Amino acid sequence: MRPEWLWALAPAVLLALALWRRSRNAGNWESVIAPELLESLLDGKATSAKRNPAPAVLAVWLIAVFAAAGPSWEKIPQPVHQTEDALVVALDLSYSMIAADLEPSRIDRARQKLLDLLARRKEGQTGLIAYAGDPHIVTPLTDDTPTIANLLPALHPEIMPLPGSDPAAALGEAVSLLHSAGIRDGKVLLVTDSITARDQRAIEDVLEGSGASLAIMGVGTATGAPLPLPRGGFLKDSSGGIVMPGLEETNLRAVAAATGGRYMRMQIDDGDLDYLLAENELNLATRTAELGRTADAWEDQGYWLVAMLLLPALALFRRGWLLGLAPLIFLPATPDAHAALWDDLWLTRDQQGQRALQAEDPEAASRLFENKDWAGTAAYRNSDYERAAQDFANGDSADAWYNRGNALARAGQLEEAASAYRESLARNPEAEDAQQNLDLVEQLQQQQEQEQQQQEQQSGEDGEQDDANQDAQQDSQQDQGEQQEGEQQQGESQDSEGSEGEPQEPAEQNEQAGEPQEGEQQEQQPAEPGDELMDMAQEAATDDNLERDQAMEQWLRRVPDDPSGLLREKFRYESRKRQQQGQDNDNETYW
C-alpha cells in the first residue's frame with residue numbers, strides 16, 4: 001500500500017556487507033602473526049570466533065521495511081461519503097439563444113461556461129435541464145459530471161420540439177429533481193437571456209416554500225442580434241421587422257431579488273461562477289452525506305510484521321543499541337492508507353469507464369463499463385463494431401436497436417443492420433434517423449445485388465469464351481498433328497531415296513530432319529488464352545471490390561453517431577406525451 005518504502009531495501013544490502021567486512025577484519029591477527037606462535041600469544045577465549053551480527057541486522061531491516069510498505073491481501077468494504085451539495089442547471093434553449101451578439105453565439109458561450117462549471121465541481125451532485133417551450137431532463141442528479149459534459153455539445157435550440165420559453169416550468173422540474181433526491185436546500189442555476197413579467201410571477205410561486213435557492217446567469221447583450229434562419233435570412237415578427245432579442249436584465253434582476261437569489265451577467269473569467277455559487281460553498285466542509293454504496297479498500301496487514309520485531313528490539317535495548325535509533329522518532333509518519341485515492345474506492349466501474357472515455361481511451365472504457373449501453377458506445381468509438389452490436393443487443397428500446405443497427409452497418413452486416421433499424425422503427429415509428437439509415441442500407445444492398453448480378457453475367461460470358469477457345473485449341477492441335485505426320489512420311493521417303501544414292505551421316509540426317517520440325521512446331525503452337533482471361537477476370541473483380549469498399553466508406557460517413565438525434569427523439573416523445581395529457585404550450589413568443 002506504500003510501495004515507496006521498498007526503496008529502503010537498497011541500503012540494507014550495503015549495510016549488511018559493511019557489517020560483515022567489519023566483523024571479519026576485527027582482531028584478525030592471523031594476517032600478521034604466524035599460526036604456530038598465535039596459540040602461545042593469545043588465550044583461547046580471544047581466538048574463539050566472534051558472532052557475526054550482519055544476518056540479524058539484515059533480517060530485522062527487511063522485516064521493518066516490509067512492515068512499513070503496508071502489505072495487504074484482503075479488502076474490506078467501506079461506506080463512501082460525499083459532500084452534500086446539489087445543483088440543478090436549467091439551460092435556456094429557446095431560439096433567441098442562437099443570436100451572435102456574443103461570439104460565436106449565446107448558446108456556444110453558455111455551453112462553454114457550463115463546462116467550466118462542471119470542471120469546478122469535484123464533489124456534490126449535479127443535474128441538467130434543457131427547456132424551450134417545455135422543459136426536459138437531460139441528466140438527473142448525479143456525481144458523474146463527465147457524462148453531463150459529453151452531452152452538452154449536443155444541446156442546441158434546433159433539437160427542441162416546441163418553440164418559445166417557459167423558465168417557470170423548467171424551475172418546477174428542477175425543484176422536483178431536488179425533492180425526489182431528498183434534498184430540501186439545493187441550488188438552481190438558471191442560464192437564460194430573458195424572463196417575461198408573467199414568468200416572474202410563476203417563478204415566485206414555484207420557489208415559494210421549496211427550500212431551493214435561485215441563481216440567474218444572464219447571457220447576451222442589451223442590443224441583441226438578429227436570429228438567422230436555417231435556409232437563409234433572419235427571423236421576422238408579424239409586422240415584418242427583423243427580431244433582435246436583447247438581454248432583459250431588468251426582469252432577471254427583479255426575479256433574483258424577489259426570490260432571495262443572485263443575478264450576474266456572464267463574464268469572460270470565472271467571476272460569475274464565484275459570485276453565483278459562493279453561498280453554496282460556505283459550509284460544505286461540514287455537510288457530508290453517506291452515499292448508498294460501498295467500496296472495497298485494502299486493509300493494512302503490516303502490524304503482523306511489527307510483532308515479529310519485538311524480540312530483536314528487546315535484545316537491542318539490553319545492549320543499548322536502541323539509543324542510536326532515538327532520532328527516528330522525529331521522522332514524519334507515513335500517510336494513512338485510506339488517504340490514497342483508489343479508483344475502486346471513489347468511483348464505480350461505470351464512472352471509471354466514463355473517465356477513460358473522457359481521456360480518449362475507448363478500449364479501456366469498453367472493458368470498464370458495466371452498463372451495456374455505455375460499453376457499446378465505447379466499443380463503437382474504438383471501431384470494435386461487432387462487440388458494440390453485442391452490447392447494444394442487451395437492450396430492447398428503440399434507441400438500443402438504432403445503435404445496434406449503426407454498429408452492424410459499420411461492421412458490414414447490412415442485412416442485420418436493416419433488421420435492427422426496422423425493430424427500432426417498430427418501437428418508435430417517428431424516428432427520422434432510423435428511417436434515413438434504413439433507406440441508406442437498403443440502397444446499398446440494392447447496389448451490391450446489382451454488382452453481384454453483373455459479376456455473375458460477366459463470369460458466364462467468360463465461361464462461354466473459355467469453351468470456345470478450348471475447342472479452337474483442340475482443332476489447332478489436331479491439324480498440327482496431321483501436318484507433322486505428313487511431314488514425317490515425306491521425310492521417310494526422302495531418306496529412302498537418299499540411301500540409294502549418296503548416303504549421309506546419321507547425325508546430319510537427324511539434324512536436318514529435326515530442325516524444320518521444331519521450327520514448324522514453334523510457329524504453329526497456338527497462344528494459351530486461359531491465362532489472359534483469368535488475369536482480366538481477376539482485375540475486374542479487384543476493381544469491383546474497390547468500388548464496393550469506396551461505396552461502403554461513403555455510406556458509413558453519412559451515418560450519424562452524435563447524441564443529438566437521440567435527445568431530439570427523447571424530447572419529442574416527452575412533448576407529445578404532455579400534449580396528450582392536456583398540457584398545452586401557451587407561450588407568447590416563439591423565440
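Just so it is clear, glycine is given a Cβ too, placed from its N, Cα and C backbone atoms.
Annotations in TrEMBL come from automatic prediction, not curation.
The feature domain 'VWFA' is assigned by TrEMBL to 86-288.
Marked as repeat 'TPR' by TrEMBL: 398-431. Residues belonging to the repeat 'TPR' (398-431) score a mean pLDDT of 89 in the model.
Across the compositional bias 'Low complexity' (444-458), DSSP assigns 15 helix, 0 strand, 0 coil. For 444-458 (among others), the entry in TrEMBL reads compositional bias 'Low complexity'.
The region 'Disordered' annotation in TrEMBL covers 444-591.
The feature compositional bias 'Acidic residues' is assigned by TrEMBL to 459-469 (among others).
Per TrEMBL, compositional bias 'Low complexity' is recorded for 470-493 (among others).
The compositional bias 'Acidic residues' annotation in TrEMBL covers 494-505 (among others).
The feature compositional bias 'Low complexity' is assigned by TrEMBL to 506-516 (among others).
Per TrEMBL, the feature compositional bias 'Basic and acidic residues' maps to 545-577.
Per TrEMBL, the feature compositional bias 'Polar residues' maps to 580-591.
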_Counts of helix, strand and coil residues, the repeat 'TPR' (398-431), according to DSSP_ = 27 helix, 0 strand, 7 coil
